[in-house]
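Peer 1: The structure that follows is given in the form of structure tokens.
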Amino acid sequence: MEENMEEGQTQKGCFECCIKCLGGIPYASLIATILLYAGVALFCGCGHEALSGTVNILQTYFELARTAGDTLDVFTMIDIFKYVIYGIAAAFFVYGILLMVEGFFTTGAIKDLYGDFKITTCGRCVSAWFIMLTYLFMLAWLGVTAFTSLPVYMYFNVWTICRNTTLVEGANLCLDLRQFGIVTIGEEKKICTASENFLRMCESTELNMTFHLFIVALAGAGAAVIAMVHYLMVLSANWAYVKDACRMQKYEDIKSKEEQELHDIHSTRSKERLNAYT
């Protein structure tokens, strides 16, 4: 009988421990982190492959070659964008971990408001710093989303020209890279519907794949923006809770101090009355 009672108490203790651990998880920050990682993964992975597909399309169908020397051409710009993608992936992987850690500490501070946990001034400054940094990153991701929409628009135009060529017989349409700013005005790199390269490009799966990769990358950038907005809401709410917790702690400290003073006064008066009586 005693063994069963001890076993039941042990199971109850484990269950309470699990409930306490689950209660300390910052679920809002966890959802935002998952959304951020998913968005960054889609943007970086699909964006990198879409840029590689763009290089192959330019070299294969437009017969565009790399410029010798240190001249800044479209291929050099694409390489720079790839390195930027590597940096974005690494930076936001670390930033997501930092925000999760901040969420755990803030949740612990709120849960242990009436315990021994003390919210320091440094912790409040870190929360405010994360709010400011997340807001700047949200603006940056808005810019990235707007910039990613440009290749989507370009590939949509190319896809439309290919579709119109197949639907309208005898249509004479040309695609000039100068109108997209890919080459300089002095260079003439265009293909028309009558050329073999244009027909091969429209029939290839590479064009369709690159177009859809850019669309997915755009969706990933949009998901990152939503994650940043979610983080801002979470951080702002945590900041408000922590601020109220600090005020509550000050109130409790003042109240305890006043009660102690009243107790000391009553004790002193009781001693004086006792001495006077004796």
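Cβ coordinates are placed from backbone N, Cα and C, and glycine is handled just like the others.
The structure displayed is predicted, hence computed values, not measured ones.
Take a look at what Swiss-Prot says about it:
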type	residues	note
MOD_RES	MET1	N-acetylmethionine
MOD_RES	SER256	phosphoserine
TOPO_DOM	1-22	topological domain 'Cytoplasmic'
TOPO_DOM	106-127	topological domain 'Cytoplasmic'
TOPO_DOM	235-278	topological domain 'Cytoplasmic'
TRANSMEM	23-43	transmembrane segment
TRANSMEM	85-105	transmembrane segment
TRANSMEM	128-148	transmembrane segment
TRANSMEM	214-234	transmembrane segment
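A description of the local structural setting of each listed feature is requested, covering burial, neighbours and distances.
Peer 2: Sequence-distant contacts of SER256 (phosphoserine), defined by Cβ-Cβ distance under 8 angstroms and a gap of at least six in the same chain, do not exist.
Same-chain neighbours of the transmembrane segment (23-43): 85, 88-89, 92-93, 96, 99-100, 102-104, 106-108, 111, 144, 148, 216-217, 219-228, 230-231, 233-234, 237, counting only residues six or more beyond its ends whose CB sits under 8 Å from a CB of the stretch.
Within the chain carrying the transmembrane segment (214-234), a Cβ under 8 angstroms from the stretch's Cβ atoms is held by residues 26, 28-29, 31-33, 35-36, 38-44, 46-47, 50, 92, 99, 103, 131, 134-135, 137-138, 141-142, 144-145, 148-149, 151-152, 155, all 6 or more beyond its ends.
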Peer 1: Given the model, what does the mean pLDDT over the topological domain 'Cytoplasmic' (106-127) come out as?
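Peer 2: Computed over the topological domain 'Cytoplasmic' (106-127), the mean pLDDT is 59 on the 0 to 100 scale.
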